Amino acid sequence: MVNPTVFFDITADDEPLGRVSFELFADKVPKTAENFRALSTGEKGFGYKGSSFHRIIPGFMCQGGDFTRHNGTGGRSIYGEKFEDENFILKHTGPGILSMANAGPNTNGSQFFICTAKTEWLDGKHVVFGKVKEGMNIVEAMERFGSRNGKTSKKITISDCGQL
């Protein structure tokens, strides 16, 4: 089985930054990978297109995926509002790791984060389901618009997304 690849085209205050592509580890976490893939294509009638990265902390991560409330309190999965932690096989080994944001055990929705450093303290708490394939330089550019409290100096938006 070939793992799916999806892409995000990123803008900062409507200025194009570029494209980030992700490999989704459907071989290890099929349910979590399928949620992210379908939210990237928008095939269920809702998803990531037009949503923003509401929290970016340089040297840590870029968080997005709240397409319902746009502030980190919302989002929904393709399985209903929330779904369970599939497994913790994969670890937060360094920059480019794609992982699910949550509000505690078994509260996965649509929010996710892209690591910009090794974040091993998140192992066993957040489900890793992918990694940046191309465009880590774009993630680094996004990081420059973040701050220590996570507030962004420009609106970092997923202007387009889909499956490659």
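We count from 1, first residue shown onward.
Note that Cβ sites are derived from N, Cα and C of the backbone, with glycine treated the same way.
Feature list (source: Swiss-Prot):
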type     : residues : note
MOD_RES  : MET1     : N-acetylmethionine
MOD_RES  : VAL2     : N-acetylvaline
DOMAIN   : 7-163    : domain 'PPIase cyclophilin-type'
MOD_RES  : LYS28    : N6-acetyllysine
CROSSLNK : LYS28    : ubiquitin cross-link
CROSSLNK : LYS28    : SUMO2 cross-link
MOD_RES  : LYS44    : N6-acetyllysine
MOD_RES  : SER77    : phosphoserine
MOD_RES  : LYS82    : N6-acetyllysine
CROSSLNK : LYS82    : SUMO2 cross-link
MOD_RES  : THR93    : phosphothreonine
CARBOHYD : ASN108   : N-linked glycosylation site
MOD_RES  : LYS125   : N6-acetyllysine
MOD_RES  : LYS131   : N6-acetyllysine
MOD_RES  : LYS133   : N6-acetyllysine
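Feature map: Swiss-Prot annotations on the structure.
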{"residue": "MET1", "record": "N-acetylmethionine", "DSSP class": "coil"}
{"residue": "LYS28", "record": "N6-acetyllysine", "DSSP class": "coil"}
{"residue": "LYS44", "record": "N6-acetyllysine", "DSSP class": "coil"}
{"residue": "LYS82", "record": "N6-acetyllysine", "DSSP class": "coil"}
{"residue": "THR93", "record": "phosphothreonine", "DSSP class": "coil"}
{"residue": "ASN108", "record": "N-linked glycosylation site", "DSSP class": "strand"}
{"residue": "LYS125", "record": "N6-acetyllysine", "DSSP class": "coil"}
{"residue": "LYS131", "record": "N6-acetyllysine", "DSSP class": "strand"}
> Here the modified residues are LYS44, LYS82, LYS133; which one has the lowest number of other Cβ atoms no more than 10 Å from its Cβ?
Replying inline: LYS44
>> Between LYS28, LYS125, LYS131, which of the modified residues has its C-beta surrounded by the fewest other C-beta atoms within 10 Å?
In response: LYS125
> Going along the chain, which residues six or more apart from MET1 (N-acetylmethionine) have their CB under 8 A from its CB?
Replying inline: ALA26, ASP27
>> With every protein chain in view, what's the tally of Cβ atoms within 10 Å of the Cβ of SER77 (phosphoserine), excluding that atom itself?
In response: 21
> To the nearest whole angstrom, what is the C-alpha distance linking LYS28 (N6-acetyllysine) and VAL2 (N-acetylvaline)?
Replying inline: 12
> Taking only the modified residues THR93, LYS125, LYS131, which one has a CA atom nearest to the CA atom of LYS82 (N6-acetyllysine)?
Replying inline: LYS125
>> For each of THR93, ASN108, count the other CB atoms within 10 A of its CB; which of these recorded positions has the top count?
In response: ASN108
>> I need the nearest neighbour of LYS133 (N6-acetyllysine) among the modified residues VAL2, LYS44, LYS125, using C-alpha distances.
In response: VAL2
> Taking only the modified residues LYS44, SER77, THR93, LYS131, which one has a CA atom nearest to the CA atom of ASN108 (N-linked glycosylation site)?
Replying inline: SER77
